[in-house]
C-alpha cells in the first residue's frame, strides 16, 4: 500500500458574504419572458389590466357585481405582478425553501375560480346595468370578454403548474437547468 504523501496542498473557499453580492446578482432572466409561464404571465397582466381599466371607467360603484369584478381583477393583477417579478429576477431560486410549483398551482387554480365568478358576474350584469349601445354597455361587454380570456389564461397556467408540480415530462436535472419553468 502506498504511503499517504506528507505534503498535501488544499485550498478552501467560501461563498461571498454580505448583501451586496446578492443584490448585484439581480439581473432579469429573459429566458423566463420567452417561456410558456412568462408569456402567460404577460398575457394575464395585459388582459387583467384591460378588465379593470374598462370597468373602472364606468360608474361601477353603483353596482355590487362590478365591485366584485374590480376586486378580483385588481387583486389578481397585483399578485401576478409579484410572481412575475419573483420569476423574472430569479428570486424563486434564492427562496429555495418555498415549494414554488405548489404555490403557483394553488394561486393559478384560485385565480381561475375567482375569474370564473368575476366573468359570470360581469357578463350577467351588463344588460341589467346599462343601455344597449351606450358607452358603459360597450365597456362592460368588453370587460366581460377580456375577463373570459384572462380566466382561460389562468386556467392554462394552472394546467402547466399542475404538470410542473407533478413532474410530468421532466426530471430533476432538466427542471433545474430550465430554472423551474418550461
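Each Cβ is built from the backbone N, Cα and C atoms, and glycine gets one as well.
As annotated by TrEMBL, domain 'MARVEL' applies to 32-166. When DSSP labels each residue, the domain 'MARVEL' (32-166) comes out as 118 helix, 0 strand, 17 coil, counted as helix, strand and coil in that order.
When Cβ-Cβ distances below 8 Å are used as the criterion, the transmembrane segment (36-55) is approached by residues 66, 69-70, 73-74, 76-77, 80-81, 83-84, 87-88, 118, 122, 139-140, 142-143, 146-147, 149-150, 153-154, 156-157, 160, 181-182 of the same chain, each at least six residues removed from its ends. TrEMBL lists 36-55 (among others) with the feature transmembrane segment.
Feature annotation from TrEMBL assigns transmembrane segment to 67-89 (among others). Only residues 6 or more beyond the boundaries of the transmembrane segment (67-89), in the same chain, are considered here, and those with a CB under 8 A from a CB of the stretch are 26-29, 32-33, 37-38, 41-42, 44-45, 48-49, 51-52, 55-56, 60-61, 95, 104, 107, 111, 114-115, 117-118, 121-122, 143, 147, 150, 154, 180-181.
Annotation source TrEMBL lists transmembrane segment at 101-126 (among others). Sequence-distant neighbours of the transmembrane segment (101-126) (same chain, 6+ residues past either end, Cβ-Cβ under 8 Å): 51, 55, 63, 65-66, 68-69, 72-73, 76, 79-80, 83, 137, 140-141, 143-144, 147-148, 150-151, 154-155, 157-158, 161-162, 164-165, 180.
What TrEMBL lists as transmembrane segment is 142-162 (among others).
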Do you know the mean pLDDT across the domain 'MARVEL' (32-166)?
94
Residues of the parent chain within Cβ reach of the transmembrane segment (142-162), under 8 Å, 6 or more residues beyond its termini:
36-37, 40-41, 43-44, 47-48, 50-51, 54-55, 69, 73, 76, 101, 104-105, 108-109, 111-112, 115-116, 118-119, 122-123, 126, 182
